[in-house]
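Reviewing the structure listed below.
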């Protein structure tokens, strides 16, 4: 069991035996313990069933309101001073935090829900935070056929010049930045997938006249 100062005392032994598997004390990030601990001495410690029910309802409400787990973590930091990662919010919803830390996080998430519900339909700090988060995380979806063209070009020339990128972007009707980022990510991906000492796939392709471009595939 994690020992974090100020956290809610552990449940009685009889209760801990009946805990949902996800609510039993398990190793987790020290992140929660590093945050300011709220005093719950005046609050009744929730049961494992209550925590499980709240986690389920919270996830449903969050999705319905259109917020991501990362949005929630960022909003908690801005609104209440406790910044939580997307992973922590995910683990709360999946009941993968310890009982003590579930108890600690529940009131913060409950307050966030109240704030989100009350701000529905009107601009507020929580809406702005979520909008910023979604803007940063927005990704461009590339069609399979377009990706095939990019793959073929990558195997011939993994690091095209700016003019080549611009020309390729025009021919595929994509933004120049999208194509540039795709090549950058693809080079990083090949580095990760190629064992040290072995030639990278584009090198093999470039030196093999018999290689058919149709055999190109995403690693």
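In case you wondered, yes, glycine gets a Cβ from its N, Cα and C as well.
Here TrEMBL gives region 'Disordered' for one range in the set 1-27, 28-54: that range is 1-27. Confidence over the domain 'POU-specific' (43-117), given as mean pLDDT on the 0 to 100 scale, stands at 86. With helix defined as DSSP H, G or I and strand as E or B, the domain 'POU-specific' (43-117) counts 57 helix, 0 strand, 18 coil.
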